[in-house]
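J.: Heads up, here are the entries from TrEMBL:
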type	residues	note
DOMAIN	332-810	domain 'Cas1p 10 TM acyl transferase'
TRANSMEM	347-369	transmembrane segment
TRANSMEM	431-451	transmembrane segment
TRANSMEM	471-492	transmembrane segment
TRANSMEM	499-516	transmembrane segment
TRANSMEM	522-542	transmembrane segment
TRANSMEM	549-570	transmembrane segment
TRANSMEM	582-604	transmembrane segment
TRANSMEM	639-655	transmembrane segment
TRANSMEM	676-693	transmembrane segment
TRANSMEM	705-723	transmembrane segment
TRANSMEM	773-794	transmembrane segment
TRANSMEM	806-824	transmembrane segment
Amino acid sequence: MEKEAVSLEADGAGGAPGGAPPPLDCTAACCHGGAKMAVLAYSLGKREINQHFTIKNAKLISLVVVILLLVFHTASRYYGGGDSCEWLLSRGRYLGENVWQPYGCMMHKYKSIEAKTCLAEKRVAFVGDSRIRQLFYSFIKIIDPERREEGNKHEDISFEEESSAVNVDFLWYPEANNSMKERLISWTHEASAKPDVVILGAATWSIKLHSGSSETLQQYKVNLTAIAVHLERLADHGEVYWVLQDPVNEEVLSENRKMITNQQLELYNEAAADVLNSSKRNGRSRVKLLAASRQAALETITLSDDGLHLPESTRNVGAMVLMNSVCNKLLRPIDGSCCQTLPPPNFLQKLSACFFLGSALVFLILHVLGNNRHRRPVPPDVESLEEKKPATAAVPLGPKAPFQALCRMGIIMGYFYLCDRADVFMKEQKFYTHSTFFIPLIYIFVLGVFYSENSKETKLLNREQTDEWKGWMQLVILIYHISGASAFIPVYMHVRVLVAAYLFQTGYGHFSFFWLKGDFGLYRVCQVLFRLNFLVLVLCVVMDRPYQFYYFVPLVTFWFVVIYATLAMWPQILQKKANSSGIWHLGVLAKLLGLLLFICFFAFSQGFFESIFSMWPISKLFELNGSIHEWWFRWKLDRFAVIHGMLFAFIYLVLQKRQVLSEGKGEALFSVKISNLLLFLSVVSFITYSIWASSCKTKTECNEMHPYISVVQILAFILIRNIPGYARSIYSSFFAWFGKISLELFICQYHIWLAADTKGILVLIPGNPSLNIMLSTFIFVCVAHEISLITNDLAQVVIPKDSVALLKRLGAVGLFSLIVLLLARGSQPTPGA
């Protein structure tokens, strides 16, 4: 930057052409002087910031922040007295018009089959006035969406679902009086059939019939106090909910309801809360107060037709809140964190905790005995490994290094567990709007352009450029996931192209390495497989998730094995061999054709595909929830992307060797006419694809075409990015930095940026979504970078270069894995038992 400042200074000293003095000489001098000072200040400021705000310091800051957040959330849970069930019933906000977000937890949207399963052979009773009747209808419509609102207004209504033996009754008791009390008493008798769930509430009729008199309010308290005793008894058998009164729209109330004011309703709500909360046991009322629908109604009551009864969307909120409160603890939906009790850690999770604690203990012992230091190499690219070997690779790591790495990994895994398996931090659901996706997208691209730097080399798809490519694609995918943009089909289809582009780079990178280096040794294969799978395998144990859950890693691992097998099998054709005789180029094309036929055969033989990957123990790698459908879908969706990347790498490397391309600095890749034509076609293909993606009606329709046309978009991007010489001469260091840790970013997002296995969003700062995203993103990026360094450290220890030692370790790992699989298989229940 100082050289740039000097250059600007020299340019500024020159006069106008021909030696004539420039016009407005004083003004120009001031401008140039201001520019020089600005550049110099920027240079010094950047250097000062970089000196203090390093990635190491950022990680220390994130560690301190995590500790403070743990203390804050633990204290707020312990002293605040609130839990996710209480949050669900009492607090929340609207996301958009119809999506309700409870405070701090995720509300599952129950379907009919789930509601029937949860409520099978149960009795549910709604007791109250016309507002409770509305809630009753919204509740049973979850069970039976075809149910219509039928029956007389002031009479009891029954609903029965025969297949699951679910009984839901509405009982007309518009006032909290002796009649309601007698009904509750009848349920408390031992011989009577008690409801499993009771939902009741009343107040508007008392206000209406007695014109809102204070005497009636006092009598309401007396009656409710008498009723509360019996509600407590019913709560011993099942669940009891008292529905607080929703507001009214006073302006549109009919004349005979004008006395029902929001002030009166608030007094009745306070009376109900006082009475029911006074009977708390262990600091908690046995009768649960449902206030969430009231809070939702505060924003929607103006849409009421008569000012008293709620719009259907608001009633549905109350019904879904009730369904979550009753059923979440039973069905345990992954995207319904409200009212869920967490399962205890399983055997493998406990074993992993002991392993990490043992590693930490060994590290402390070694640290006390001798403080030997080691240098940490820069982590290489986990996909291509095309970089030069680190300068420190020749220096063996000390005995303390692997235990230190495992100690750091243990701390990180503890954070993963607390974020997504423990009831410490809050979770909220996603909600897509165009602004939540496109505004962050604009921010990151502005930053990417701002941090442009000169490339060290100007070859097509050079290392800095591929890092940049992976970086901006990963950032787009992250924004896509957290914003829930998969609901918007045009964005979904463009992101599908980005995933295909990752696989394209996998084919391109590995083919290039094998073609140029010819290194088919076991050491490199194990290095790649370790770097790809280490984090995922650890998460499978710590987070109790199947391998296929992290679908991208199995996909890339599978295709690496396929690429290796294709190129390593006889005859091995390398660039050196092909240079001696052009006939070998046909051999490479024959191998690629064979691979294409292999892909097509599997793609059009789903039954054969499923039979192969359903065989034990292969199925353990590819099953998700007992089925390989997800693996089939992911594999088929981008089945041609890798072979496209391999073919592109072959054609490019052949053209480069024959010096057909112009890859010098500032030079266009082809002649002017060809360059302009290819650029024009590339831009047209981009526009055409976007139009097509916008016209898709369903994802299924689009996904059928995706494998065949995604390569056109990928090639269009490569040509636009590389044909102009000036474009190849620069790259974004901002995107490239993220590209180096793109795999860790993709995997870590599952549990420490998103939540509930990607179904929701992790909430570290409640009540402030913008600040929460910034803080959680900062911690998330620091963790991903640290894991990439840990993986690099452990790879040097776990994968020895000596072939004999490596084979012994592989044999031990294989034997251990087989024993674990056999034990897991033996512990599974026999079908039909």
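Glycine too: its Cβ is placed from the backbone N, Cα and C atoms.
Whatever TrEMBL says is automated annotation, not expert-curated.
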J.: Please indicate, using numbers and ranges, the residues of the same chain that are 6 or more beyond the transmembrane segment (639-655) and have a C-beta under 8 Å from a C-beta there.
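T.: Residues 460-461, 500-501, 503-512, 515-516, 559, 562-563, 575, 578, 585, 588-589, 592, 595-596, 599, 602-603, 661, 707-708, 710-711, 714-715, 718 contact the transmembrane segment (639-655) from elsewhere in the chain.
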J.: Quick one: find which recorded stretch in 431-451, 499-516, 582-604, 676-693, 705-723 has the most Cβ pairs under 8 Å with the transmembrane segment (471-492).
T.: 431-451
J.: Okay, the transmembrane segment (549-570) and the transmembrane segment (522-542): do they have at least three CB pairs under 8 Å, pairs separated by 6 or more?
T.: yes
J.: Going along the chain, which residues at least six beyond the ends of the transmembrane segment (582-604) come within the CB cut-off of under 8 Å?
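T.: Same-chain residues near the transmembrane segment (582-604) but 6 or more away: 562, 566-567, 569, 571, 573, 635-636, 639-640, 643, 646-647, 650, 654.
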